[in-house]
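According to TrEMBL, the protein carries these features:
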{"type": "BINDING", "residues": "30-37, 147-150, ILE176, 184-187", "note": "ATP binding site"}
{"type": "ACT_SITE", "residues": "HIS37", "note": "active site, proton donor"}
{"type": "BINDING", "residues": "GLN61, GLN153", "note": "(R)-pantoate binding site"}
{"type": "BINDING", "residues": "GLN61", "note": "beta-alanine binding site"}
Amino acid sequence: MHIFTSPESLYNHLRSLATADLHLGFVPTMGALHEGHLALVRQSVDENTYTVCSIFVNPIQFNNPDDLQRYPRTLEADCAMLEAAGCDCVFAPSAEEMYAATPVLKLDFGDLERVMEGAFRPGHFNGVGLVVGRLFNLVQPQRAYFGQKDLQQVAVVRRLIQDLGFPIELVSCPTIRELDGLALSSRNRRLSLEYRAMAPFIFQMLNEAKAKLQSGASIDDVRAFVKEEFLTHPEFLLEYFEVAHATTLQPIEALQPDGQTALCVAANLGGVRLIDNLVF
Ligand SMILES: Nc1ncnc2c1ncn2[C@@H]1O[C@H](COP(=O)(O)OP(=O)(O)OP(=O)(O)O)[C@@H](O)[C@H]1O
Ligand SMILES: CC(C)(CO)[C@@H](O)C(=O)[O-]
Ligand code: BAL
C-alpha cells in the first residue's frame, strides 16, 4: 500500500498508473477509522481496480475549534486497517500541505445548507465542498464512496459533482451500526462508558418515530413526541430532529413515496455531538 502526504506526489503517482482499464475508487475520510469506513473501502475495492483513501481532518469544515482540537487522530492504526481491507493507496496530508493559503472561495449550497447540519454548523458545507472538490481534482476517481450516516453531506456532494461537472459517480453506502443500533462514528470513542450505554437512545427514537409515522401519526405530532422524549432524557441536548425529504433535505409535511422520507437527528451527549438518520 502506498502512503503519500504531499498532493503533488499523490497526483503524479496516480497519473502514472493511468491506463484504459484503471478504475479508481475513492473514499474520503477524516481518519480514526472504524467498520463504517472499512465498509466503504471494501465496496470500493470490490467495484474498482484501485482504491485511494484520504485521511485528513479538514480544519475549514469545523465551526467549533474545540471539536477540531479533540477530533481523534490514529494514523498508524488507520493505515494498518486500510492495508488489511485491500486499500491500495492512502493520502494523509498535513493542513499545511493541503492549504498553502486559506481558501477565499466560498461555496453556498443554497437551501440544502440552510437546514440541519448546515444551519447548526455555519460554514461546514463550504469547508466540506472545498476539500472534497480539491480531493476530486487530485485523485480524479471514477467513483467516490460516502456514508449515508452523513445524509446531508451526500446531497451536498451530489450537488458539487453536478454543478462543477465532475465525471464521478457518487456511491452512497448504508450506515453501519453497533449491535445496539448506535451508528458507528469516530466521535463515539470520546463517549465515557456511561454515556456510551445511553447513546443507542438516538436510534431507538428514530425507530419509534418511523413506527408512529407508518401507523398514521401526523408529522407534527411525531416531531413534538420526539422533542418531548429527549426532554425526559436530559443527558442529551437535542440540536434538531427533522422529518425531511431524503434528497432535498427540506422539511416535509407528508410521507414521501419511493423511500424518500428521512428522519434526521443531531444531539449532544456528554460534550460529544452525534448525528443519525433513517431513510424509508
Ligand atoms: N457508521 C457508518 N456507516 C457508513 N459510513 C460511515 C459511517 N460513519 C462514517 N461513515 C462515512 O465515512 C466517511 C468519512 O466519515 P468521517 O471520517 O467523518 O467519519 P465519522 O465516523 O462520520 O466521524 P464523525 O462523524 O465523528 O466525524 C463519510 O462518508 C461518512 O459518511
Ligand atoms: C467527506 C469528508 C472527508 C471531507 O472532509 C468529511 O466531511 C467526512 O469525513 O465525512
Ligand atoms: N462526518 C462529517 C464530518 C464532520 O463531522 O465534520
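For all residues, glycine too, the Cβ spot is worked out from N, Cα and C.
Feature map: TrEMBL annotations on the structure.
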residue: MET30; record: ATP binding site; contacts (Cβ under 8 Å, 6+ apart): ILE55, PHE56, VAL57, ASN58, TYR71, SER186
residue: LEU33; record: ATP binding site; contacts (Cβ under 8 Å, 6+ apart): ILE55, THR74, ALA77, ASP78, MET81, LEU82, SER186
residue: GLY36; record: ATP binding site; contacts (Cβ under 8 Å, 6+ apart): GLY147, LYS149, THR175, ILE176, ALA183, LEU184, SER185
residue: HIS37; record: active site, proton donor; contacts (Cβ under 8 Å, 6+ apart): VAL27, THR29, CYS53, GLY147
residue: GLN61; record: (R)-pantoate binding site; contacts (Cβ under 8 Å, 6+ apart): GLY123, HIS124, PHE125, ASN126, GLY127, VAL128, VAL131
residue: GLN148; record: ATP binding site; contacts (Cβ under 8 Å, 6+ apart): VAL154, SER172, CYS173, PRO174, THR175, ASN277, VAL279
residue: GLN153; record: (R)-pantoate binding site; contacts (Cβ under 8 Å, 6+ apart): GLU117, PHE125, VAL128, PHE146
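Checked against ligand 3, the binding-site residues GLY36, GLN61, GLN148 give GLN61 as the ones with a Cβ under 6 Å from it, listed in sequence order.
Only MET30, in sequence order, out of the recorded positions MET30, HIS37, GLN148, SER186 have a CB under 6 Å from ligand 2. Note on ILE176 (ATP binding site): other Cβ atoms within 10 Å of its Cβ, all shown chains, come to 18. Look at LEU33 (ATP binding site): DSSP puts it in coil.
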